[in-house]
Amino acid sequence: MLGNLFAGFYQFADVFAFLVLSAAGLAIIFGMMGVINMAHGEFVMCGVYVTAASYHAGLPLPLAQACGTAVAFLIGMVLEAVVIRPLYTRPLDSLLVTWGLSLVVTQGTLVLVGSTFPGIGTPLGGFRVGDYTFSAYRMVLFAAAIGVLGFVWFLFLRTRFGIQARAVMQNPGMAQALGVRRNRVYALSFGVGAGLAGFCGALYAPTMSLIPTMGSSFIVESFVTVVVGGSSVLLGTAPAAVALAVIRTGLNAWYGQIIGQIGLLVAVILIIRVLPDGFTGWLTRRTA
Amino acid sequence: MLKLLEGPQTMGRGPAFWGAAGVVLLAALAYPMFADPYDVGNFGYFFVWIFMALGLCMMWGLCGMLSFGQTFFFGLAGYGYGVIAIDLGNGPLGTMAGLVGGLVLAAVAAAVLGYFMIYGRINGVFFGIVTLSVTLALAYFLGQTAGPEWAIGKARLNGFNGMQGMDPLTFPGPDGGIVLEETLFYYVLILGLAVAYLLLRMLANSRFGNVLVAIREDAERAELLGYDVRRYQLAVFVLGSTLAGLSGVLYTSWGQFITPSSIGLPAASMPIIWVAFSGRTDLTATLVGTFLLLLGFQSLTIYSQETALVLMGALLMATVLFVPRGFVLGIGDLLARLAMRRRREPRPAAAAEV
């Protein structure tokens with residue numbers, strides 16, 4: 001009985017962690033900054049590959065994961081300055097540019113690295129509840145997802161950078177007039193978003209097979225979560241991840257993976273039909 | 001009616017343009033007499049994709065709706081064609097029913113999906129994301145249908161290896177019908193493409209097309225002027241998606257197979273790259289540009305498909321950053337301006353910018 005209950009929670013926690021971790025970076029880049037980053041999956045992939053490469057180079061796993069995150073962060077900052085910055089006034093064009101970028105990165109990786117890359121075994125082993133054994137690492141992922149939400153809350157609501165960032169997103173001209181360095185804030189925010197994507201990849205590196213097209217397995221879930229969530233990370237992405245994880249877990253358990261995936265999409269289309277601004281709009285309207 | 005062939009929404013007017021178009025058409029018609037049959041079949045293969053590009057040009061270029069779902073409808077119609085043809089025992093009956101059935105399937109799917117999105121006021125970005133999601137989901141779904149339990153009637157879906165066993169399109173005729181292949185395929189496609197191109201041109205310059213452009217420029221203004229924006233968006237979405245479906249049917253007929261990889265990534269990127277590179281606001285530019293890109297892409301694919309795709313991605317980035325209107329359209333504009341200057345005529349009012 002306990003085992004079954006925990007199994008249900010475990011499944012939910014697994015999907016929830018995946019949705020939050022893969023969507024957090026996008027929620028900043030797309031939800032807050034309004035840049036439609038179709039290369040989000042490739043930032044995740046960057047985290048995965050750098051983590052695996054540094055792990056194979058002899059670094060312990062946590063350090064390798066830090067490397068993956070840091071590299072994604074830096075690449076994000078550079079890309080923002082070179083490719084994204086000219087396009088803030090043309091949001092649909094930023095979509096196209098990042099779409100092109102994603103194609104270049106995916107296929108470029110295929111050319112340079114090849115179609116497979118040695119993976120990392122899942123660490124930490126398992127633990128037993130009732131009659132079942134569960135992977136401990138999945139619980140780490142769940143904790144990391146909660147941690148990421150806490151980090152985002154702290155960064156954007158409790159630091160000077162967070163206030164400046166939110167000011168720039170709301171009214172760039174006014175923020176600049178008040179002495180905020182707009183370009184730096186944009187670059188840093190984009191970097192944080194890319195870094196969180198890289199962090200997601202770093203965390204999932206030990207659980208997946210490493211192929212250059214792996215980014216596309218993150219992109220749909222993350223966009224769907226952000227779209228259902230709306231513009232706020234805490235009031236949007238988090239509740240959206242809870243709702244979608246419940247739907248997904250239930251469908252997976254009763255009807256299997258493929259129905260879970262399709263059901264998720266149907267649910268998303270229905271939810272946006274009812275809540276055009278996502279959970280953010282709904283929750284802020286209720287609290288306002 | 002024929003007056004609509006020229007107008008504000010399409011590039012090219014007057015005897016010079018139509019003369020050039022005629023020469024190109026004649027050259028295309030004469031081509032099989034000089035080329036070897038393999039190249040002819042290959043060119044026919046390029047034409048397959050152009051319908052899909054023209055459809056995207058209508059909905060994205062004219063109406064501002066960027067759909068990542070062209071390959072979704074492509075795949076739906078392609079698989080639909082295969083399933084129907086196989087289950088009706090191929091031949092003229094099966095393949096013709098497959099053609100109609102595939103197109104209807106694409107149109108109905110587009111109407112249902114479009115209804116939920118457009119009447120749900122999912123616009124701009126979200127529209128792209130939802131269409132991309134359903135496309136990837138379909139590719140993923142078809143990819144895992146390898147087992148024998150995944151069959152519709154006699155038609156096995158065959159998972160990632162794709163479905164086979166359908167005949168090419170066969171017109172009713174003596175000796176079991178006239179099979180559409182090789183040189184005949186080429187001629188029929190040229191004809192189909194010319195008809196589609198001219199009809200779309202007329203549509204673009206008609207009242208309908210002008211409303212589409214008004215919606216692209218400012219949906220709210222169009223609505224305040226009394227147009228039901230959603231109806232027009234749904235109509236053009238169904239039209240564009242059905243054209244993608246036509247490409248899917250023709251593709252399946254051409255190679256007698258279809259796989260999930262023609263739906264998912266990177267296949268789903270291709271229509272967007274063709275149309276963006278060519279100049280999304282113009283049908284002629286899309287037609288020419290798509291053909292050129294397909295030709296170039298295939299010449300590169302012979303050496304390395306990955307490298308070719310990297311170049312395509314880079315091309316898309318370059319287009320957006322440096323020539324947002326599109327390369328072919330830019331060149332077309334340049335030619336038009338040169339012609340104008342030579343005749344020392346006043347420049348006509350520029351077409352609306354995107």
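Using N, Cα and C of the backbone, Cβ positions are placed for all residues, glycine too.
TrEMBL has this to say about the protein:
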- B:16-34: transmembrane segment (TRANSMEM)
- B:46-65: transmembrane segment (TRANSMEM)
- B:72-90: transmembrane segment (TRANSMEM)
- B:96-118: transmembrane segment (TRANSMEM)
- B:125-143: transmembrane segment (TRANSMEM)
- B:184-200: transmembrane segment (TRANSMEM)
- B:234-251: transmembrane segment (TRANSMEM)
- B:284-303: transmembrane segment (TRANSMEM)
- B:309-336: transmembrane segment (TRANSMEM)
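Through the fold, the transmembrane segment (B:16-34) approaches residues 40, 43, 183, 186-187, 190, 194, 339 of its own chain, all at least 6 residues removed from its boundaries and within a Cβ separation under 8 Å.
Between the transmembrane segment (B:125-143) and the transmembrane segment (B:96-118) there are 3 or more Cβ pairs closer than 8 Å, counting only residues 6 or more apart in sequence, so the two stretches are in contact. Comparing B:46-65, B:96-118, B:309-336 for CB pairs under 8 angstroms to the transmembrane segment (B:234-251), the maximum falls on B:46-65. Using a Cβ-Cβ cut-off under 8 Å and counting only residues 6 or more beyond its ends in the same chain, the transmembrane segment (B:284-303) has close neighbours at 10-12, 42, 46-47, 49-50, 53-54, 56-57, 61, 193, 197, 273-275, 277-278, 311-312, 315, 326-329, 332.
Remark: the transmembrane segment (B:184-200) makes no contact with the transmembrane segment (B:72-90), by the rule of 3 or more CB pairs under 8 A. Residues 69, 72-73, 76-78, 80-85, 88, 126-127, 130-131, 134, 166, 169-172, 230, 233-234, 237-238, 240-242, 244-246, 248-249, 252-253 of the same chain lie 6+ residues outside the transmembrane segment (B:96-118) yet bring a C-beta within less than 8 angstroms of a C-beta in it.
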